[in-house]
Amino acid sequence: MGGGGSALRVCADHRGGINWLSLSPDGQRLLTGSEDGTARLWSTADGQCCALLQGHESYVTFCQLEDEAAFTCSADCTIRRWDVLTGQCLQVYRGHTSIVNRILVANNQLFSSSYDRTARVWSVDKGQMSREFRGHRNCVLTLAYSAPWDLPSTPCAEEAAAGGLLVTGSTDGTAKVWQVASGCCHQTLRGHTGAVLCLVLDTPGHTAFTGSTDATIRAWDILSGEQLRVFREHRGSVICLELVNRLVYSGSADRTVKCWLADTGECVRTFTAHRRNVSALKYHAGTLFTGSGDACARAFDAQSGELRRVFRGHTFIINCIQVHGQVLYTASHDGALRLWDVRGLRGAPRPPPPMRSLSRLFSNKVGCAAAPLQPA
């Protein structure tokens with residue numbers, strides 16, 4: 001079993017559990033959203049809180065950090081945009097009638113999913129709703145976006161995807177593909193027998209991978225709606241997915257992570273050692289980092305599956321992880337953000353250069369190096 005990791009810093013400013021953690025594209029800041037109804041901005045250079053974002057009237061469910069703005073959504077049915085330098089609220093997006101689950105900023109548009117059974121798209125600058133996507137029979141949990149330039153330039157595809165395609169996953173057991181320009185449902189992806197908890201897009205291959213409470217992952221052609229393959233070896237809900245080149249990593253309630261060949265559905269590796277469900281995944285430079293309901297984060301050699309390090313210190317489930325340079329960031333329902341030294345991990349060689357474009361799902365992939373931190 002791998003040795004323990006040392007904590008560089010513990011940031012315990014939140015007064016409730018942290019539901020999400022986002023890293024800015026330039027790697028300079030982190031954003032946390034909490035059960036205490038606030039979000040906080042943190043510097044990756046020194047781990048200090050640099051802004052408190054207050055205004056939501058209920059807990060913050062999710063957040064996304066861009067270079068010049070922070071976005072948060074909440075159980076108060078709203079989304080907010082914030083200035084990252086001053087912490088001032090710049091815009092409130094109103095229209096959802098229940099908890100907003102997820103948001104995604106892409107192509108100067110803001111996408112959102114909600115318990116009110118809808119997804120919506122908003123003008124980032126004006127705060128106005130552009131489209132409402134109705135058709136799911138239960139709450140919409142997860143979403144991803146494929147821009148027009150990522151789709152094939154055939155006459156049929158061009159007409160359907162002039163404004164790009166939005167893919168949503170719901171507790172009704174389906175995923176849906178929506179034409180952003182028209183608001184029409186392009187395809188309904190049926191096959192799961194449980195809620196769709198997570199999804200990720202391979203945009204060059206116009207393929208969606210969905211994970212479900214039915215313990216399967218399914219691959220779909222988002223243009224035709226065809227189910228391409230089913231990944232069946234998990235014995236519990238599939239909670240999180242990570243797509244790296246032609247490999248799909250899946251974290252499950254069965255306490256394992258599995259690595260699959262995206263093109264065939266073959267399981268080529270299983271990562272064990274977790275004592276509870278696997279709640280978060282992040283691949284970085286040959287190392288697979290995981291967060292678990294057992295309150296530990298772990299680092300595995302992505303190629304061999306060997307456990308390299310265990311990071312102990314949290315007292316509740318780890319909801320989200322990010323990696324930047326030589327630092328691992330973990331956010332937990334115990335209310336703490338922890339920074340860990342990951343120097344000395346000798347992971348497998350880096351995989352081949354990534355495909356032309358991978359849809360960003362709930363996180364920002366950054367390759368910048370963080371300024372060194374001294375242990376607390």
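Glycine too: its Cβ is placed from the backbone N, Cα and C atoms.
Here is what Swiss-Prot says about this protein:
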{"type": "REPEAT", "residues": "13-52", "note": "repeat 'WD 1'"}
{"type": "REPEAT", "residues": "55-94", "note": "repeat 'WD 2'"}
{"type": "REPEAT", "residues": "95-132", "note": "repeat 'WD 3'"}
{"type": "REPEAT", "residues": "135-188", "note": "repeat 'WD 4'"}
{"type": "REPEAT", "residues": "191-232", "note": "repeat 'WD 5'"}
{"type": "REPEAT", "residues": "234-272", "note": "repeat 'WD 6'"}
{"type": "REPEAT", "residues": "274-310", "note": "repeat 'WD 7'"}
{"type": "REPEAT", "residues": "313-350", "note": "repeat 'WD 8'"}
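Remote same-chain partners of the repeat 'WD 3' (95-132), defined as residues 6 or more beyond its termini with a Cβ less than 8 Å from a stretch Cβ, comprise 61-64, 66, 69, 71-75, 77-79, 81, 138-145, 147, 164, 166, 168, 170, 178, 180, 183, 360-362. Confidence annotation: the repeat 'WD 1' (13-52) carries a mean pLDDT of 96 in the model.
Between the repeat 'WD 8' (313-350) and the listed ranges 13-52, 55-94, 234-272, the one holding the most Cβ pairs under 8 Å is 13-52.
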